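According to Swiss-Prot, the protein has these features:
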- 1-28: signal peptide (SIGNAL)
- Asn37: N-linked glycosylation site (CARBOHYD)
- Asn162: N-linked glycosylation site (CARBOHYD)
- Asn170: N-linked glycosylation site (CARBOHYD)
- Asn209: N-linked glycosylation site (CARBOHYD)
- Asn234: N-linked glycosylation site (CARBOHYD)
- Asn316: N-linked glycosylation site (CARBOHYD)
- Asn331: N-linked glycosylation site (CARBOHYD)
- Asn350: N-linked glycosylation site (CARBOHYD)
- Asn419: N-linked glycosylation site (CARBOHYD)
- Ala420: GPI-anchor amidated alanine (LIPID)
Amino acid sequence: MALLLLRMGVSVALLVAFFSSLIPSSEAYDPLDPNGNITIKWDVLQWTPDGYVAVVSLYNYQQYRHIQSPGWKLGWVWAKKEIIWAMNGGQATEQGDCSKFKSNIPHCCKKDPEIVDLLPGTPYNMQIANCCKGGVLNSWAQDPANAIASFQVSVGQAGTTNKTVRVPRNFTLKSPGPGYTCGSAKVVRPTKFFSQDGRRTTQAHMTWNVTCTYSQIVAQRSPTCCVSLSSFYNDTIVNCPTCSCGCQNNKPGSCVEGNSPYLASVVNTHNKDSLTPLVQCTSHMCPIRVHWHVKVNYKEYWRVKITVTNFNYRMNYSQWNLVTQHPSFDNLTTIFSFNYKSLNPYGVINDTAMLWGIKYYNDLLMTAGPDGNVQSELLFKKDPKSFTFEKGWAFPRRVYFNGDNCVMPPPDAYPWLPNASTRVMSSILLPFITIWTALTFLMVYA
């Protein structure tokens, strides 16, 4: 009876754990960037007769995930009947119903405003610091100076003291599609600001923070990249797994043949404002392919060539980045044509590298075609304790492109050393050979 109750208890616990895992959470976990998030900081700087003036800033603390054009969209729901009188450095996408105002019409009267960044070239009297980049928000490791965005908002019909102000709720962040989940606003210590000479400090009247984390599952996106492998010691080229990012279908326009005589007209007439990739017809149907080639074996070093190919006719990837995980990054000696930074997600273990293009040279990955690729070579020093070409050790454990996890080939498909098949066959035949030898011995000497 006790054993039955124990089994029932374990079953219930497993069911609870399973269903609780289905409940949406504001926390997401990326094993290569466990602390990555976008923090929204709301600083109330000035009280007004019917509200306040605040500066809202977005800090992208993600190491390698950035927001590309057409940029971020930040939304929330007002706690009471607040309105937005005016804005600098950003704008609400809709004004809403402001018909009750006879004069001095507000910038936005919606209960749930959605804010976007202003474009580069905006007049100076409409700008503030860290604004007007078209919603582009770079990653913290790649370009920390441009990993911040800000706008100023004048709020009316709101509280005018720390005790009467009500923080907004239900924050949303789009990039521009789904993927981010935001927690509740939390009042924190007021932000302090330092004068240019560093001799005076001022502070906000009130500050609250909102933390938003990204999940590829929440984004409901199919994979956007895949990995192919090859080596100097094996003629086999392991392609991306079939249907890595989708499968070809009979629907016209689902992909474009790279050698089609009508290629230019198809690409030019397609809706370029759409975020849906227009990809070249391949077996994997991914917009991006990362190829890892084990190129040369030296006495004390070994060399790898990485090629990133764009199969998307609809997008140039600006400020692209690549994250790869391999134990030999602790012994990386030289990298050509790319920038490099060690991420160290596990502290002392240096096995994760972030790679990105050199500004004005290859930081822009062009659309699909002859120029739609970037490449680099990496030189590693051999560690006698761990280095081997056996069993696919020389290939990466994980690969991310622009923060998205790429589809890897199955490990049993990796290029093996030429004598690997002989070793495997020998290990299989060894028991049979032993038995046959024993039987022969018995027959002869019995």
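Cβ coordinates come from backbone N, Cα and C, glycine included.
With respect to Cβ neighbours within 10 Å, the glycosylation sites Asn37, Asn170, Asn209, Asn331, Asn350 differ, and Asn170 shows the lowest count.
With respect to Asn170 (N-linked glycosylation site), the closest of these glycosylation sites in Cα terms is Asn209, chosen from Asn37, Asn209, Asn316, Asn331, Asn350. The shortest Cα-Cα distance from Asn350 (N-linked glycosylation site) to any of the glycosylation sites (Asn37, Asn162, Asn234, Asn316) is found for Asn37. Between the CA atoms of Asn162 (N-linked glycosylation site) and Asn316 (N-linked glycosylation site) there is a gap of 46 Å. Within the set of glycosylation sites Asn37, Asn234, Asn316, Asn331, the entry lying nearest in space to Asn209 (N-linked glycosylation site) is Asn37 (CA atoms). Of all the glycosylation sites in the list Asn37, Asn316, Asn331, the shortest Cα-Cα distance to Asn234 (N-linked glycosylation site) is found for Asn331. Among the listed glycosylation sites, namely Asn162, Asn234, Asn316, the Cβ with the most fellow Cβ atoms inside 10 Å is that of Asn234.
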